[in-house]
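Working notes for the structure below.
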């Protein structure tokens with residue numbers, strides 16, 4: 001670099017650029033930081049977010065509300081609640097219902113994972129956890145159906161009781177299927193939507209059949 005020794009920069013040439021950083025500047029991530037936020041405010045904000053997702057499921061329409069801010073807290077609560085209500089035996093009997101809880105828990109989550117993988121293999125644009133979020137939250141109508149069936153069974157298990165439970169389960173099954181497809185429809189190729197809807201139909205049908213055939217011991 002011997003030739004660079006005679007090169008000089010005139011003081012009249014302005015140096016372009018700005019190297020100073022404003023003292024009051026804030027990055028976008030700092031606006032969403034919860035490190036200094038009270039725990040109560042964080043919990044209440046998360047509960048409100050879960051409640052809004054429940055409202056979107058009860059009034060399903062083509063929206064990205066469940067996809068934009070996904071979480072698995074709501075699906076976990078619904079899954080545990082449904083599994084607990086489907087337990088057949090009491091705690092002091094030989095059939096304590098433990099395996100039934102595990103079976104319901106595994107069926108729900110394994111089925112949701114299989115449907116999500118099927119959606120991704122068919123070219124869906126939705127992410128893995130977004131799909132789990134939607135499928136999990138859309139179990140809410142079936143959870144309500146299970147609660148109603150438990151109350152109806154307290155009055156008896158005759159023909160009228162079965163007809164009432166059948167109507168409730170069928171209605172909630174249709175609600176869950178329509179809600180999930182309403183949220184997931186736009187994320188699939190137009191010529192492959194049927195291949196995605198069919199596994200969702202089977203998924204909620206299996207859960208609905210478990211609810212309809214439930215008889216307390």
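Glycine residues also receive a Cβ, built from the backbone N, Cα and C atoms like all the rest.
Source: prediction; values computed, not measured.
The domain 'Yip1' feature in TrEMBL is assigned to 59-210. According to TrEMBL, the transmembrane segment annotation covers 70-89, 101-122, 134-156, 162-184, 196-215.
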Contact between the transmembrane segment (70-89) and the transmembrane segment (134-156) (at least 3 Cβ pairs under 8 Å, separation 6+): yes
For the domain 'Yip1' (59-210), the mean pLDDT of the predicted model: 81
Within-chain partners of the transmembrane segment (101-122) [C-beta distance under 8 Å, separation at least 6 from its ends]: 75, 79-80, 82-84, 86-87, 128, 131-132, 135-136, 139, 184, 187-189, 192, 195-196, 199-200, 203, 206-207, 210
